[in-house]
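These notes are about the structure you will find just below.
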Amino acid sequence: MNKFNIENLDLFYGQNQALKNINLPIPAKQVTALIGPSGCGKSTLLRCLNRMNDLIEGVKITGLVNLDGNDIYGNIDVADLRIKVGMVFQKANPFPMSIYENVAYGLKAQGVKDKKVLDAVVEKSLRGAALWDEVKDRLKSHAFGLSGGQQQRLCIARTIAMEPDVILMDEPTSALDPIATHKVEELMETLKKDYTIVIVTHSMQQARRISDKTAFFLMGELVEHDDTQIIFSNPKDDRTQGYVNGDFG
């Protein structure tokens with residue numbers, strides 16, 4: 001079953017067309033990797049999935065992005081969409097507050113005040129982000145005291161505290177060391193049991209390790225998408241073969 005169906009999607013930044021007639025299904029509860037060289041459109045597409053591109057002046061979008069059969073560019077509440085489709089950015093962006101308050105922030109913003117409810121969600125979310133055992137004795141400590149990898153997992157915990165259906169990840173490990181990267185990748189493998197994950201990555205090795213599906217973009221076009229194993233071992237398009245072989249990038 002598909003979580004997203006993208007049909008005939010075009011996106012323009014002013015006169016520059018950044019996405020060209022994209023047609024892509026994104027299956028539920030799997031990891032889909034978006035790959036391609038810098039400027040190919042993969043991050044632009046990712047931002048289409050929760051309408052982050054709306055924040056950029058001069059953007060024009062045509063086509064359909066259906067989430068569970070509903071057009072997200074139709075008559076919907078964008079704030080609700082961004083709860084349902086959470087996002088983890090390239091650089092960890094914990095809020096300037098305690099570990100506990102970071103995770104509880106979204107719930108409090110929605111008016112949740114019951115401490116038992118907040119405590120339960122904070123613990124569940126930190127466990128879900130594989131961070132609880134590392135921070136359970138210092139929840140009141142400032143989030144900036146965590147390592148880079150811990151901060152990124154805290155941001156994941158903050159995202160899943162809002163109970164999204166989808167988690168978008170824009171190069172979430174590019175600023176992390178190999179050990180922290182491995183922990184986040186292990187976490188993605190666990191999270192996909194409950195969430196649909198779409199990740200942008202420049203690392204071919206990472207895409208191959210963690211994703212079920214891979215989509216290759218080049219100059220705003222979707223060249224090919226298939227099972228990850230096929231994309232890396234037997235792609236249909238010579239351009240895909242050249243990219244995964246490292247012939248260009």
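Keep in mind that glycine also has a Cβ here, set from the backbone N, Cα and C atoms.
Counting every protein chain shown, the Cβ of PRO37 (ATP binding site) has 14 other Cβ atoms within 10 Å. What Swiss-Prot records for GLY36, PRO37, SER38, GLY39, CYS40, GLY41, LYS42, SER43 is ATP binding site.
Across the domain 'ABC transporter' (4-244), the model assigns an average pLDDT of 95. According to Swiss-Prot, the feature domain 'ABC transporter' maps to 4-244, an assignment based on sequence analysis.
For the binding-site residues given as SER38, SER43, the lowest number of other CB atoms within 10 Å of the residue's CB is seen at SER38. Same-chain residues at least 6 positions away in sequence with a Cβ under 8 Å from that of CYS40 (ATP binding site) are, in sequence order, PHE217, LEU218, MET219, GLY220.
The ATP site is set by GLY36, PRO37, SER38, GLY39, CYS40, GLY41, LYS42, SER43; from the centre of their CB atoms, other residues of the chain with a CB within 8 Å are THR44, PHE217, LEU218.
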